[in-house]
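> Sharing a structure below in structure tokens format, with a few things to ask.
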């Protein structure tokens, strides 16, 4: 495996055990430069409690979580009883939706896998502002600002979270240490499995706020963790986006970096 941090600058970004300090690995920037992308990748190794990033400043900058918020939204839905269990089916009302893959009945796992916005908007409406606010505080999730509308605050309004905070939240979920039942955390973790390779398992979620403009770009995310043997790697990637054709880069850039670190296949 290549060295985890070839060029190192250390900065304290958080008081948590996983990301109390983070090192800057500028060698990863070549993957961003090759695609003319402004973005950040944070990668943390659980056993050594070590984290690295290509961009220290951006790693702690907060952005709209977009559909990565489906992770806490699902847990909160289960905790409040809005989602009865992992077998609940969310019925399609037959009305046209923005994406054809949303136009069907969906399980919780299915709704997460296809990132069905209408399903999670309904969950948020049923949870309500008071309970939503309570759980975001319990989870220490981003800036915890849900103003602007209960069914859109994570899509276009004031909620913000950094890449560092994303990996902190994901570690707590992995360890079943969120202020939620172990059973409900396990349900959501299972729903997040996106790749099961012979040597590793990936749990992840994408997010996309829209393309924006060159002067005011949107944000695209990929966050999750990789289980490989006895090791766990937590990751969070975000990038500016002003052209939807660049959307696949939210996964291809971090995949190349993790492949270069010997974590997953390229």
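Any Cβ shown, glycine's included, is placed from N, Cα and C.
Annotation source Swiss-Prot lists active site, acyl-ester intermediate at 67. Annotation comment: Swiss-Prot describes 205, 206, 207 as substrate binding site, evidence class similarity to another entry. For 70, the entry in Swiss-Prot reads N6-carboxylysine, with the evidence type similarity to another entry. Per Swiss-Prot, the feature signal peptide maps to 1-20.
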> What's the CA to CA span in angstrom from residue 205 (substrate binding site) over to the residue listed as 'active site, acyl-ester intermediate'?
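With the alpha carbons as reference points, the distance is 8 Å.
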> Using a 10 Å radius around its CB, how many other CB atoms surround the residue listed as 'N6-carboxylysine'?
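If we count other Cβ atoms within 10 Å of the residue listed as 'N6-carboxylysine', we arrive at 27.
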> Cβ-Cβ under 8 Å from residue 67 (active site, acyl-ester intermediate), same chain, 6 or more residues apart: which ones?
115, 117, 120, 154, 155, 205, 206, 207, 208, 221
